[in-house]
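Database features, via Swiss-Prot:
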type	residues	note
ACT_SITE	C2	active site, nucleophile
DOMAIN	2-218	domain 'Glutamine amidotransferase type-2'
DOMAIN	284-423	domain 'SIS 1'
DOMAIN	453-591	domain 'SIS 2'
ACT_SITE	K596	active site, for Fru-6P isomerization activity
Amino acid sequence: MCGIVGYIGYDNAKELLLKGLEKLEYRGYDSAGIAVVNDDGTKLFKEKGRIAELRKVADNSDEDGTLGIGHTRWATHGVPNYENSHPHQSTSGRFTLVHNGVIENYEELKAEYLSDVTFSSETDTEVIVQLVDYFSRQGLATEDAFTKVVKLLHGSYALGLLDDNDKDTIYVAKNKSPLLVGVGEGFNVIASDALAMLQTTNQYKEIHDHEIVIVKRDTVEIKDLEGHIQQRDTYTAEIDAADAEKGVYDHYMLKEIHEQPAVMRRIIQEYQDEKGNLKIDSEIINDVADADRIYIVAAGTSYHAGLVGKEFIEKWAGVPTEVHVASEFVYNMPLLSEKPLFIYISQSGETADSRAVLVETNKLGHKSLTITNVAGSTLSREADHTLLLHAGPEIAVASTKAYTAQIAVLSILSQIVAKNHGRETDVDLLRELAKVTTAIETIVDDAPKMEQIATDFLKTTRNAFFIGRTIDYNVSLEGALKLKEISYIQAEGFAGGELKHGTIALIEDGTPVIGLATQENVNLSIRGNMKEVVARGAYPCMISMEGLNKEGDTYVIPQVHELLTPLVSVVTMQLISYYAALQRDLDVDKPRNLAKSVTVE
């Protein structure tokens, strides 16, 4: 959700900013803009829509500089248009600002300090830049004015400020929104994530909440709000820039679906010791083993992965587990056990709702574990422990390889805890994950069959239903989410046994119903549910597993361990959803109104 880049050095800032914004497209946005500073002042380029349109406008101008900031906006205050796009300037034109986040008290600040100011936008952001201008006119130096404003703000923010009277500085601050400082020789950068500015550096410094950062060409100075210098080490962003390119694929989503076998192999390698045994840091295992109940907190696809993880943890490790939607949990915390452990699942490690829960559970002193794809992310830094997905950059908004990686890591964690508890299981997990890897490869190779299924069942429909029982129900939720978010088909996932309690009333002639049948103990039951909907005119698509398949099934996945079937069956749904969106000529990688990383509550 939204993205910030900034550059100060000696090179062409305009081009570097545009390239940086292009790397942030995956986060989701509806407008974009940059500001570049030269001897003649600050030049703004802003456009509603795609960055390609912004580039056309910027490339048609000779204006350039060696200092600038850029922004992709996902509208929260005010509609997507030129006036509401970032960067924003103060009325005097002296100050220019980009901002991610939501300022909760902007109306109060506007009324108290800026009643005489004429605003050009509907945004909370413009209040910030006008306040800096206001306090500078009261005689405060820019850094002091900026700090004073930051102290007044309530809410989430990542800020990058330029002062036209000081062409050698970017002023930076953050709270609850991600922002990094990248360090180079003769230049420095700021970015919402490291991927944005890998073109310039892979050396970064973390910024903590409530800090002021003074970024110049040759120095980076970090202070707390009282002006005390804070020491901060530089770390290397372990990202291969080539991993963030589409390569031979038409879309990032298709590439990331095809990468899942390689991700499985990488996870097997990373979580295996030299003797071929599963390994996870002993401190993590001890904290998980000591817990009397586990609370998984997540959102969207990560929540669905958590539902599958609950099956592993309870059936293998024997630890009672609850799975909660982060945005609900933070406002309605349930009664907790005496020794809870919280597991936060987030591809980006920046999900605002999950972080809000983590802040509260940290206050209560509860142990926490983050499962994420991004080392050094906010959730990773603030939790007690982290398990990495090792999935590589996931650029498409619709998550695919992160989901399967999350499930794989949860399975490994559960098996190790089970062993720690003295619970013997009949699962050779590394061997079973290797079988899963081969099964995924088979499905990926069958992509033309998935395309045909999308054509046969979904090309003209406006609605679709996914049904399953037990663990297949959890996967049906993810299948429905994938389809709705990229094809815009109204899709819902249901427990097969719930059909007769209301949903079956929605079945009409030709309604596609995709059923999952990978669990032996409910195979007959889910097939009975499919007969119920067929009797009412539904168009059935049955996805089953070898050994449980029946004549007439639409597609049969290779046989794997029954608890690991989500890792395989979901790939069919990912591909079917991809082709359904493609057939409707939609933007598969950047669906409307959605953001990859939801960094505001």
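Cβ coordinates come from backbone N, Cα and C, glycine included.
Neighbour count (other Cβ atoms within 10 Å of the Cβ, all protein chains): 27 for C2 (active site, nucleophile).
Mean predicted confidence for the domain 'SIS 2' (453-591): the pLDDT average there is 96. Assigned with DSSP, the residues of the domain 'SIS 1' (284-423) fall into helix, strand and coil as follows: 66 helix, 28 strand, 46 coil.
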